[in-house]
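Asker: Just passing along the structure, written as structure tokens.
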């Protein structure tokens, strides 16, 4: 059972994020900040740096939290069982009805939303608020980079003289040797000692070709532009889920059911909408169930044998063959009468349990 996203094996998407994030940060400070005026460079660098630290912190918190159902984390005497709980045959314990069993993490996740490959961890009740804050911070982070990089890229063509390094400003805080060693910043423009400037705003002796700046900004934008839309779409989607008062998993299941049964026009997601006001509908009358002839063992108190009303069945009624978790169905039962007068239970699919 995986405890959190920092446990091996690491996901390929997670490793990719670890590699590309430092590249984006380094590219911003190398290709964007040096070409800004003094005040703008300081303000932008500070805001961007704080945002980057927030992203790293939120990502670490979201990844390190164990999102498992409480009864999975505290199996034994501390587990709490209510009539609304379901029994997971894989975790061998009762879990909340909103929990789902993740086959990747091998555990039931409390109020399961989705499994995030970028964090190598499930997102659920325990870490969802950190996840939402994380994607908002990433969206702000990406927007700032994209806007500034686009501005500088356009300036390379419309006003090349503005694309220069404010060497005297930087050299007042760092020695030129340190700048050359760590940033190679003087090659972008004036080093502070050479004041001869060409028409394109670059120094004569140590000018960095303007075409090279265009190429670097173009490469940087080629990473940012494809990332901006999916990140923005993700933030919008989770804001929408908040107002629908549902989770990613339940939303997807609902959409699939609507595709399979287009004649059903009701939208049960709106029932829990935050701030929505809908007229109450009178539920259809439910016929009284036929009392079956009880031959099963009654539910025991404590942690004895679970009652069939709360246990997820692992075999098919027709074939008596095991039901694979990949079928992702939770079974409930309704009594039916057989020709010989005996009562047996008929399996009926209710809602997905395995993910």
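Yeah, the Cβs are placed from backbone N, Cα and C, and that goes for glycine too.
Below are the features I grabbed from TrEMBL:
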{"type": "TRANSMEM", "residues": "12-33", "note": "transmembrane segment"}
{"type": "TRANSMEM", "residues": "40-61", "note": "transmembrane segment"}
{"type": "DOMAIN", "residues": "84-253", "note": "domain 'Palmitoyltransferase DHHC'"}
{"type": "TRANSMEM", "residues": "130-153", "note": "transmembrane segment"}
{"type": "TRANSMEM", "residues": "165-188", "note": "transmembrane segment"}
{"type": "TRANSMEM", "residues": "208-231", "note": "transmembrane segment"}
{"type": "REGION", "residues": "280-355", "note": "region 'Disordered'"}
{"type": "COMPBIAS", "residues": "321-330", "note": "compositional bias 'Polar residues'"}
Asker: For the transmembrane segment (12-33), find every same-chain residue at least 6 residues outside the stretch whose CB is under 8 Å from a CB in it, and list them.
Answerer: 5, 41, 44-45, 48, 52, 55-56, 117-120, 145, 148-149, 152, 183, 213, 216-217, 220, 223-224
Asker: Apart from its near flanks, which chain residues at least 6 from the ends of the transmembrane segment (40-61) lie with a Cβ under 8 angstroms of it?
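Answerer: Distant Cβ neighbours of the transmembrane segment (40-61) are 21, 25, 28-29, 32-34, 119, 127, 130, 133-134, 137-138, 140-141, 144-145, 148, 166, 169.
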Asker: Should anything in the same chain at least six residues away from the transmembrane segment (130-153) have a Cβ under 8 Å from its Cβ atoms, list it; otherwise answer none.
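Answerer: Result: 24, 28, 31-32, 35-36, 44, 47-48, 51-52, 54-55, 58-59, 61-62, 65, 113, 116, 119, 123, 163, 214, 217-218, 220-221, 224-225, 227-228, 231-232, 234-235, 238.
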Asker: Averaged over the domain 'Palmitoyltransferase DHHC' (84-253), what pLDDT does the predicted model reach?
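Answerer: PLDDT averaged over the stretch: 78.
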